[in-house]
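Taking it in order: structure first as structure tokens, then the write-up.
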């Protein structure tokens, strides 16, 4: 184990030439980031998760009730023992051959069986109330952490001149505010990794999980080798759009359509400007070029920049989705009301949907009789769930 640890913490990988871990030990004059500081993130992540449960129960839920957001879910599928056994034991998405076999066995038409499976899948989706509470928690946290980051950074020299991220590197002392900011962000993303398995399941589960892992690696990496100054710029910049997205989702669930559309447009503008404009021209410029000029490259420098480029790749992917949604919304608006969130359900929906997903009435020979479930609008609950920060 000692040999493995010595290999992992090899100074020639983590630190610039002629710098050792002994040079970065805490002294009476200065405090530097230490790897063991990061253990604090685990109990704090648990605390954040518990605070979330309390917040959703005693703050978010009463707010949702005040906005007349009810806990009612999708339409309940008609009880059927045969279909239920297929759904739970074999497949939730039967193919054409199985549908035809079930049709003959039950004397139902294929469309009615397809409708039953859609309704049954939708039964497992969370209610609009659950979605609202989740979005309100994230909105509250993003507002807090982004405002803290702005208050902290506006007092630092590296916000105004990014070359200060590298002057005297790596002998830059760790301040209390910077330490708190880093540990808070790391704890939040650890809590997201865990809660992602219990939260609303979305189509981009894998992408978001990968994003959270890359973000955690970036936070740990930049803290251990004392690139925390530029790390704070990455964190704050990526936090800037997240609160707007969650606010748009809350407005969508509350059926405040005009406010929802406005917030979505604001989110799209802030997201694209910060992640496709400011991030590469400002942050990547300093990590790739200014640091090369002032400090010079070394092994962990390459890894750190590779992780940042992976984050930028995810930013491009999400920006593509946002532009795609906007284009569909604009084209759809030519024939009726402009609604980006209505279009967005085709790209990243929280719930399965098609023209006959919400059909009701007993399955049988007449599959064309339809109603609208719960009287909801076409956009309620279908909001793009979008990118998070380095966090995101």
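Glycine is no exception: its Cβ is also placed from the backbone N, Cα and C atoms.
Caution: TrEMBL annotation is automatic and unverified by curators.
Among the residue ranges 41-84, 85-128, the one that TrEMBL annotates as DNA-binding region is 85-128.
Of the candidate ranges 148-169, 236-257, 302-323, 324-345, TrEMBL annotates residues 302-323 with the feature transmembrane segment.
Within the set 5-24, 205-224, the record from TrEMBL flags 205-224 under the feature transmembrane segment. Sequence-distant neighbours of the transmembrane segment (205-224) (same chain, 6+ residues past either end, Cβ-Cβ under 8 Å): 14, 33, 35, 37-38, 182, 185-186, 189-190, 192-193, 196, 230-231, 234-235, 300, 303-304, 307-308, 310-311, 314, 317, 387-392.
Mean pLDDT across the domain 'TLC' (130-331) comes to 93 in this model.
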